[in-house]
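Asker: For reference, the structure I am asking about is given below.
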Amino acid sequence: MPKPVVAIVGRPNVGKSTIFNRIVGERVSIVEDIPGVTRDRIYAEAEWLTHQFNIIDTGGIEIGDEPFLAQIRHQAEIAIDEADVIIFVTNGREGLTAADEEVAKILYRSNKPVVLAVNKIDNPNMREQIFDFYSLGFGEPFPISGSHGIGLGDLLDEVVKHFKNKTEEEYDEDIIKFSLIGRPNVGKSSLVNAILGEERVIVSDIAGTTRDAIDTTFTYNGQDFVIIDTAGMRKKGKVYESTEKYSVLRALKAIERSDVVLVVLNGEEGIIEQDKRIAGYAHEAGKGVVIVVNKWDAVEKDEKTMKQFEQKIRDHFLFLDYAPMVFLSAKTKKRLHTLMPNIIMASENHAKRVQTNVLNDVIMDAVAMNPTPTDKGTRLKIYYATQVAVKPPTFVIFVNDPELLHFSYERFLENRIRDAFGFEGTPIKIIARARK
Ligand code: GDP
Ligand code: GDP
């Protein structure tokens, strides 16, 4: 089931990003310690009671050097386009402003539910500040304090009331869903067309257009796939369409629905910082990853070029060391046939379960080979390991004290698990738990 999306809007400095960070909390990430992954705090998963949702800080999406009012107007439009529920944030200390009314005007035009928050109400005797805000016409304003974490519970109670059961998309468990992400012009659309035009590919349905993407289902060697194409669906005429943050937002939504993500690079241009950020999102989402170097036809090469290019990419994307890499041309179709087998492999490994007894043998052998570390006189003890989830494969290791499982040792265990079971194409997660 796709998760509902909540967007935060409001003029600058009312406290949107403070509230966003509060709601998101500090999630434990699988890549925390891995250099090279830049976090972008405009889109994140969040949870309230039993509800899981995604949340967007539209304030983080800046549109070029547009004037102030145009800027916030576009952010409100993005919220309307992308979200199921909108949190409209105002500042109770400053009171109602013309810019607030401007945002309100745009929100009136949508049918999306709007929950009005009056922020910076840091103590109860400031509560009467909220009365002015009734005039915005969004019902009862919720007094909150983002920086003190006051009132957010009531606000979120109201937000989740508006969640509807989405039935938009539901694919079978055995369908492999994949998407393509990458900078503009690396050739994502061309690659989608090339894949769908492949000889062994039988397209079954192109109709599935969701709000964010065009889903095409097809069969390849008897296996069903869905290709989630956001590049092909451009929101024509929208000013914010070409901004980087907005395309990131679209990519993140596609990644979320995918089993495997193709990180598409332009072989002709090499790697730039933006590629690294984009690749980081795929990794952080815990999806299978295949690195695709496109436009290989346009690269002058000898027998060493591919190896050298691969090494360069590996050096840049240390956190994607598990991802297979394919070099191809969407234009000439050269080496295109190497892509689908890699998507299948990544997807199989992403969903792979290993036997508990074999896993424990591997861990114990690893410990025998490289003794567990000690910290302040206490040695890490590993009692037992078990795989608790797939997509991505997730392992819980029961230990005497989780603090003692340092990153380097965790990395060592991960590598032993990879050597033993071959998880090529998928990240894996290791979680240490204390056994009393
Ligand atoms: P944004 O531009 O809307 O994302 O606003 P920020 O989250 O960056 O906050 C703007 C300023 O308001 C920062 O200095 C925050 O520390 C401050 N701020 C945010 N929430 C509160 C609050 O609840 N009370 C007070 N007093 N200050 C806040
Ligand atoms: P997108 O923005 O990532 O979807 O990129 P497009 O698919 O629109 O492609 C951008 C440009 O790159 C177009 O002019 C394509 O014709 C060109 N292009 C795409 N794939 C290849 C390729 O494999 N080789 C070469 N030489 N050009 C390509």
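Using N, Cα and C of the backbone, Cβ positions are placed for all residues, glycine too.
Since we're looking at a predicted model, the values are computed, not measured.
Annotations for this protein, taken from TrEMBL, read as follows:
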BINDING   10-17, 57-61, 119-122  GTP 1 binding site
BINDING   182-189, 229-233, 294-297  GTP 2 binding site
DOMAIN    4-167  domain 'EngA-type G'
DOMAIN    176-351  domain 'EngA-type G'
Asker: What are the sequence-distant neighbours of Gly10 (GTP 1 binding site), meaning same chain, six or more residues apart, C-beta distance under 8 angstroms?
Answerer: Lys16, Gly59, Ile72, Phe88, Val89, Thr90, Asp100, Val103
Asker: Report, as a single number, how many Cβ atoms besides its own are within 10 Å of the Cβ of Lys188 (GTP 2 binding site).
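Answerer: The answer is 24.
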Asker: Distance check, please: Cα of Thr230 (GTP 2 binding site) against Cα of Thr58 (GTP 1 binding site), rounded to an integer number of angstrom.
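Answerer: With distance taken Cα to Cα, Thr58 (GTP 1 binding site) is 19 Å from Thr230 (GTP 2 binding site).
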Asker: Which one of these binding-site residues has the most other Cβ atoms within 10 Å of its own Cβ: Asn13, Thr58, Asn185, Thr230?
Answerer: Thr58
Asker: Any of the binding-site residues Gly10, Lys16, Ile61, Ile121, Thr230 with a C-beta atom under 6 A from ligand 2? Give them in order, or none.
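Answerer: Not one meets the Cβ criterion.
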Asker: Please report the distance from the Cα of Asn185 (GTP 2 binding site) to the Cα of Ile61 (GTP 1 binding site), rounded to the nearest angstrom.
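Answerer: Here the two Cα atoms lie 21 Å apart.
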Asker: How many whole Å apart are the CA atoms of Ile61 (GTP 1 binding site) and Trp296 (GTP 2 binding site)?
Answerer: 33
Asker: Same chain only, sequence gap of 6 or more: which residues have a CB within under 8 Å of the CB of Ile121 (GTP 1 binding site)?
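Answerer: When sequence neighbours closer than 6 are ignored, Ile121 (GTP 1 binding site) has Gly92, Arg127, Gln129, Ile130, Pro143, Ile144, Ser145, Ile150, Gly151 within Cβ distance under 8 Å.
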Asker: Can you give me the same-chain residues 6 or more apart in sequence from Gly182 (GTP 2 binding site) with a CB-CB distance under 8 Å?
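Answerer: Correct list: Lys188, Val263, Val264, Leu265, Asn266, Asp275, Ile278.
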Asker: Roughly how many Å lie between the Cα atoms of Asn13 (GTP 1 binding site) and Trp296 (GTP 2 binding site), rounded to a whole value?
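Answerer: About 46 Å separate the Cα atoms of these two residues.
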Asker: Limited to the domain 'EngA-type G' (4-167), I'd like the whole-number average of pLDDT.
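Answerer: 86, rounded to a whole number.
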Asker: I'd like to verify something. Among the binding-site residues Asn13, Lys16, Thr58, Ile61, Trp296, which ones have a C-beta closer than 6 angstroms to some atom of ligand 1?
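Answerer: The ones that qualify, in sequence order, are Asn13, Lys16.
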Asker: Which residues, sitting 6 or more apart from Trp296 (GTP 2 binding site) on the same chain, put a CB under 8 Å from its CB?
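Answerer: In sequence order, the residues whose Cβ lies under 8 Å from that of Trp296 (GTP 2 binding site) (at least 6 apart) are Gly267, Phe327, Leu328, Ser329, Lys334, Arg335.
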Asker: What number of additional C-beta atoms lies within 10 angstroms of the C-beta atom of Lys16 (GTP 1 binding site)?
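Answerer: That number is 25.
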Asker: Is it possible to get the count of other C-beta atoms within 10 angstroms of the C-beta of Ile61 (GTP 1 binding site)?
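Answerer: There are 22 such Cβ atoms around Ile61 (GTP 1 binding site).
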